[in-house]
Amino acid sequence: MFLINVLTVTLPILLAVAFLTLVERKALGYMQLRKGPNVVGPYGLLQPIADAIKLFTKEPIYPQTSSKFLFTVAPILALTLALTVWAPLPMPYPLINLNLSLLFILAMSSLMVYSILWSGWASNSKYALMGALRAVAQTISYEVSMTTITLSMVLMNGSFTLTAFAMTQEHLWLILPMWPLMMMWFTSTLAETNRAPFDLTEGESELVSGFNVEYSAGPFALFFMAEYANIIMMNALTVILFMGTSYDPQMPEISTINFVMKTIILTICFLWVRASYPRFRYDQLMHLLWKNFLPLTLALCMWHISVLISLACIPPQA
């Protein structure tokens, strides 16, 4: 029974990842005044399936000087972690209901760094290693601000459990009183998932393709799927934390539709940002976090603590 539950969560995610690639190509196409994919199937709808068949039927090529074991394990680990993070997300029922589900998600997203670092190191290519080191520095840096923002959210919620956020936001979405945190959180999720304008790991002009430059066929597809699964997961987490998913026990499907629609809107915002903004320089990326986001998030965290204590309205510890 548990295996069926796992499949009912995993398969829709993989399907969403496949069609997100199509939506991205279409969106970028229209923003650049062209059509995007429109040959394979009606309106290009079969393009992701054709891409999957092409990638998984090709022979993977291993560089002669690479560490073959790590080179193979890295993309598998990346996709496994990207899918594992979905387990505690309430949609409206989580696959695994953890008391510390928010901490679990932060810990799992931190582990993604290892798959990127291994892939860059195992490729034995200076471009791949440079991309991997950039990814590690970027991810670790932006996790600092994400963790501080999460702490502020937990103070408002009174619990690390994600299901409690729906009850906290029954009357008012937290995006309204905490909009500065929401803006910094959204920017941090862009950096955490290595998306434009923070895609320094894949700087085409200097690093060709970044940490996955030596990958082809199936292993490359696994990295690609992991990246897009992480994008959808981060947006789903943003919806849970800031844009309260209304939950009615009589009609849980309404809650799911509500949740999915908000996640789709945020994901389209990711694509919109990619089409609109140029890439940041590395020093600008680090300056933004350490000199702007970190002091602001710490100050807001102290503000939330002091307001709750001064008004004697600390939420119940669930």
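Each residue's number is its place along the chain shown, starting with 1.
Including glycine, each Cβ sits where the backbone N, Cα and C put it.
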Next item on the list: State the residue range annotated as transmembrane segment by Swiss-Prot; the candidates are 41-61, 146-166.
Entry: 146-166
Checklist line | Residue numbers, six or more beyond the limits of the transmembrane segment (171-191), whose CB comes under 8 Å of its CB atoms | finding: 138-139, 141-142, 145-146, 149, 152-153, 156, 165, 197-198, 234-235, 237-238, 241-244, 266, 269-270, 273, 285, 288-289, 293, 296-297, 300
Margin query: Can you tell me which parts of the same chain pack against the transmembrane segment (146-166), counting only residues 6+ beyond its ends and a CB-CB cutoff under 8 A?
Written below: 88-90, 92, 94, 97-103, 106, 174, 178, 181, 184-185, 188-189, 192, 240-241, 244-247, 255, 294, 297-298, 300-301, 304-305, 308, 314-318
Notebook entry, point to check: Where among 69-89, 102-122, 253-273, 294-314 do we find the most Cβ pairs under 8 Å to the transmembrane segment (222-242)?
Noted result: 69-89
